[in-house]
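Peer 1: Following this message is one structure expressed as structure tokens.
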Amino acid sequence: EIFVVDDFRVDIEKHVNKLYEIVRELYSNTKDKIALWELVFDPSPKIVARTFLYLLFLANMGKIELIQEEPFGEIFVVPLEN
Amino acid sequence: MPYVEKLEMRGFKSYGSRKIVVPFSRGFTAIVGANGSGKSNIGDAILFVLGGLSAKAMRATRIGDLIFAGTKEEAPAKYAEVAMYFNNEDRGFPIDEDEVVIKRRVYPDGRSAYWLNGKRTSRSDILDVLSAAMISPDGYNLVLQGDITKFIKMSPTERRMIIDEISGIAEYDEKKKKAMEELKQAEENLARVDLLIREVKTQLDKLEKERNDALRYLDLKEKLEVARTTLLTGEVKRLQNLIAESRARDEEIEVEIERINGELENIAKTIVEKEKTLTQIERELEEKSEDGILDVTKKISEVASKIELAKKNIELAKKEISESQRRLAKAKEDLKNVSAEIEKGKSTIERWKKRRENLIAEIQKKEKEKNELILKLAEIDKNFTIAKQELDKVEEELENAKKTQYFKESEITKITEEIERIKSKISQQSTRRIILKSKLEELKAEINVKKSELSEIDSKIEKASVRLREIEKELEKGQEKLEKIVPEIKKLNEELIKAEARKEVHQNKTLEAIKNANIPGIYGSLAELIRVRDDTYLTAVEVALGSHADNVVVKDDKVAEEAIKFLKRNRLGRLTFLPLNKIKPRKLDGVSKGIPVMDVIEYDPQFKNAVAFAVGDTLIVNDMEEARDVGIGKVRMVTLEGELLERSGAIVGGYYRPRTKLAINTDEIKMALASREKEKDALESQINALKLEQRGLERELFELRVRKSDVSKDLQMLQKEMDRFLNEDKTLKEEIETAENRLKELESFIHQTKGDLAKLSGRVERLEKIRNKLRKALDNPEARELNQKIREVEHEISKLREELSKVESRLENLDIRINEELIPRKADLEEEIEGIVNRINAFKASIKQNEEDIKSLQAQLEELQEKEQAVKDELKALRDERDRLREEISQMREEKEKLRDVLQKLRLEANSLKIKMAQYESQLREKESELKHHDVKVVKEIPEDLEKLREEIEQMEDEIRELEPVNMKAIEDYEVVERRYLELKSKRERLEAEKDSIIEFINEIENQKRNVFMQTLNAIARNFSELFTKLSPGGEAKLVLENEEDPFSGGLDIEAKPAGKEVKRIEAMSGGEKALTALAFVFAIQHFKPAPFYLFDEIDAHLDDANVKRVADLIKEASKDSQFIVITLRDVMMSNADKIIGVSMRKGVSRVVSLSLEKAMEYLEKARAKNANALGL
């Protein structure tokens, strides 16, 4: 289990950080919340699922906030200042 | 099928105090999020609301720990609450609402509260509702974190019970339970009836026995009467027959006795004749064996020893011949050598003679020369001539002396050699003598041994002969005694038979019986205890005793009582007993005439009272006259003739037949007979022993004589050998003496010669001195020259002479060697050869002589052996004859004995027959009178075996006695009870049938249950195998019952063979393999009977992407039938879901966002198209 998680983390950390950079850049440009869709670059279920998972990681790390008004409603991302 | 629409949580675990809604939908929902964000808490919430009781299953220590504990910014919750919304449009729940909401709340103290569609309710109600829709908090459709392998880890039985539950066989168990209760009831009824049957049966058995007894009793009574009458009739007939038979037999016996007596006489005569013949033969045998055979044996041994001697002589001669021939060869060889040497010596002498002649001629020549020179010198000096002559003379003398010296020396050498030779010969002969001496010693010892042996044998022969003569005498004596004893025994036997026959006639049976009963304290009848001193009084005493004769004397009244009981018990008759402690003696009062009976009898003093009771008051008188004198009626009296005069005055008289009870005493006769028999046996065994010894001695004597002749022969041989050795020794001794004499002569000769030599040496020395002096005188220059010449010539001459003398001495030596040594030696050898040849011839002649002797001796031997054989044959014939006669006599004696036995038996038989006949007759009368009381008509047939009939009667009587008392009413009672018993029996059969039908029903249920279970299992097993192959392509797996015969007694095993691997025990599989196997099992069940929803928490943790994809595809497909909620971290799994719930934690509180993957895809597709358009693509 530990091995799997480690492997996942090593692989994922890079992507998560990159996604965070993108979120920050987008936010610094618009100073507005970012829709989930804007962060998905390839419309395949796998990419969507992955992106969603990375955002959850970032939220868990306290780097962004995920905002959703209603179940299955649109999901927005706002980076948080430390 | 119902499905979960949403989950509402408040204060539950990490989800904070605010209400959180987790939306679910039909199909496949994935719950994702980072580790620790609280995604598994959603699974826990589902478990919680479904009524789970295990805090541990929900990853908490206590149920109260499920309440949100608070953070820095948020206060703890007061309680935790979860509500689950089910869609119930298809009425999967038995509630008539489109939505079913169950809610559970827990307070910090662990207390729980439940609501169903807003109404408070109990947990069990909630569980009932849920189970109606096949949902339970611990169902196999809920797979918590790390819990996927529970299907692997569980025991085969637990696994089988999952199948039990799915197949719904509990219904059958319920039916079976009911049937079992019925069965129990039926069994109890049966037991009750059995109890009744047992009781009635006991009663019935008792009655049956009594009824049978009653019937039997009646039957027996009737049979007994018939049997008794039959027996009486039969016995009457039997007795009649017996009397007739006995009479016939008695007559037969008389005739037979007559015949046997005649035969016995004949046999006795024959025996006497045979014995006479036997004595004659024995005498003859003795004579023959004494003289005939011993003489011949002795001669044979003599001849044989002569032959032996001759053979030895021949052998010796042969040895001598071979030795002589060897010596002859050697002598011839020596002779040849000596002759050759003589020839050689002669030729040498010839050579040397020639040489001598030459030398003499030369010397003469030189002498002439010298003389001429001397003449010249003589002219010179006359004196010189004289001197010269003298010198010459001296020199000649010197020469002679030297010659003699040389001769003597050579002679000494020769003699010394001879001495050596003689000495060695002497030593050889001495050695030989020593050997001879030791041999002689040995021989002497041997001879002594043989001599002592011989004397020993002689003494043994003497001893045996003496013993033999003694035995013969003893035998004679023994035979005489035996002949005396035999007729005595015969007489005693006859007496005994008579006495016994008499005794038997007078025997009182009852008395005998009581004596044989072995009751202690019974001494015997008076008749037995009394002895009459004088036979004159025998009759008187008997009469006096009268009936008291059979009175039994006993120790005391107790013994008498016991004896009477015995007689009674055995129906043996009556007897009078005289107890010694009670019986009172009778006395004679003051009568001076006659003799009291007590005075003429002898008895043991302890019986005095008993005897006195019988005859103590009775007087013996000579006759009636004397009785009158005493006074009739005054006292009890008895006359010698047997008249009895009672005190009452009654007089008994007439002819008195003596009962002779007192006089008969077989024991004495028996004792006498036994002692005679014993004596006879002793004598016979003694005679036998003596005969045995006699035979042994005869054999021993013969053996000893043969041995003696052997030893004598050996002794002769030894003596001869010793003589030979003595002769040789004597010859050797003489030879040695001669040689020693010669040795002495030679030694004295040497001594003398050595003395002569010494003298000669002195003379030579003197002569040489004179010669030197003369030579000096002759020294003169003129003469010296001449002298020189003369000396030279002389020197030559002397040289020649020297040589000549050497030649001559040589010649002389040779001459001596030839004439004095070789020629005598030759003559010796020739003589020796002649001697040896003569010797050989002499030996040959001796051999021939001996051989002839042997031949004649052997002829003699054969003749003697024949003679011996003849004598032996004769003896054997005589012995055979003797043995045959003895055998015949003993056979005849045996026969005689046998006949006597027969005779004795016959007499006994005749006696007993007579007694029996009297008995039979009295019995017959008795039986005939008895028969008058019975009805003879009932007798149908009289059986052969009356004894058996009697036994039968006794048995019947016994049986009747045993049967009494008889219950006659039992015959009727039995029928009543029997009816009751049969009724109960049929009732029992009915109950039994009932019970059997229940058991059948139970079996039927069991069968159905099994069928249903097997159908379910077969379907699930098929699904399992298919799904496993789908999840692990190339792999195989199956579900196997531990016990196929009875599935419920064993569990359910999983046999899995992952792709490219051997069949693995499931415990040995990797985490991934285990997960796949477990999932195959879960889906196998789902395919057979889908549950409304499934919760899988991180079932994919150990799987690689390919496997996750396969599982995800399977879930996707299965989600058409059931709702799937899957907690996962794997993008492959997520991307297959319809909806994704994202969980993240912020400041210690979990939050939820939800994403519809379908909608997202649609939206993204549109946006992409829009972007493409905007970019002009």
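Placed from the backbone N, Cα and C atoms, the Cβ positions cover glycine too.
The shown structure was predicted, so the numbers you read here are calculated from the model rather than taken from an experiment.
Per TrEMBL, the features are:
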BINDING   B:ALA34, B:ASN35, B:GLY36, B:SER37, B:GLY38, B:LYS39, B:SER40, B:ASN41  ATP binding site
COILED    B:169-509  coiled coil
COILED    B:673-1011  coiled coil
DOMAIN    B:520-631  domain 'SMC hinge'
Peer 1: Of these binding-site residues, B:ALA34, B:SER37, B:LYS39, B:SER40, which are close to chain A by the rule of a Cβ under 8 Å away?
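Peer 2: Near chain A: B:ALA34, B:SER37.
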Peer 1: Counting other CB atoms within 10 A of each CB, which of the binding-site residues B:GLY36, B:GLY38 comes out lowest?
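Peer 2: Output over binding-site residues B:GLY36, B:GLY38: least Cβ neighbours within 10 Å is B:GLY36.
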Peer 1: Write out the long-range same-chain contacts of B:SER37 (ATP binding site), meaning residues 6 or more apart in sequence whose Cβ is under 8 Å from its Cβ.
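Peer 2: Non-local contacts for B:SER37 (ATP binding site): B:VAL1143, B:SER1144, B:MET1145, B:SER1150.
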Peer 1: I'm checking region-level scores; what's the whole-number mean pLDDT for the domain 'SMC hinge' (B:520-631)?
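Peer 2: Looking only at the domain 'SMC hinge' (B:520-631), pLDDT averages out to 84.
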Peer 1: Around the ATP site recorded as B:ALA34, B:ASN35, B:GLY36, B:SER37, B:GLY38, B:LYS39, B:SER40, B:ASN41, what other same-chain residues have a C-beta within 8 angstroms of the site's C-beta center?
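Peer 2: Near the ATP site, beyond B:ALA34, B:ASN35, B:GLY36, B:SER37, B:GLY38, B:LYS39, B:SER40, B:ASN41, sit B:SER14, B:GLY33, B:VAL1143, B:MET1145, B:SER1150.
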Peer 1: Far apart in sequence but close in space: which same-chain residues, 6 or more away, have a Cβ under 8 Å from B:ASN35 (ATP binding site)?
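Peer 2: B:LEU1129 - these are the non-local Cβ neighbours of B:ASN35 (ATP binding site), listed in sequence order.
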Peer 1: Quick check: in three-state DSSP terms, what is B:ASN41 (ATP binding site)?
Peer 2: helix
Peer 1: For the domain 'SMC hinge' (B:520-631), how many residues does DSSP put in helix, in strand and in coil?
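Peer 2: The domain 'SMC hinge' (B:520-631) comes out at 55 helix, 20 strand, 37 coil.
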Peer 1: State the count of C-beta atoms found within 10 angstroms of the C-beta of B:LYS39 (ATP binding site), not counting that atom itself.
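Peer 2: Looking across every protein chain shown, the total is 28.
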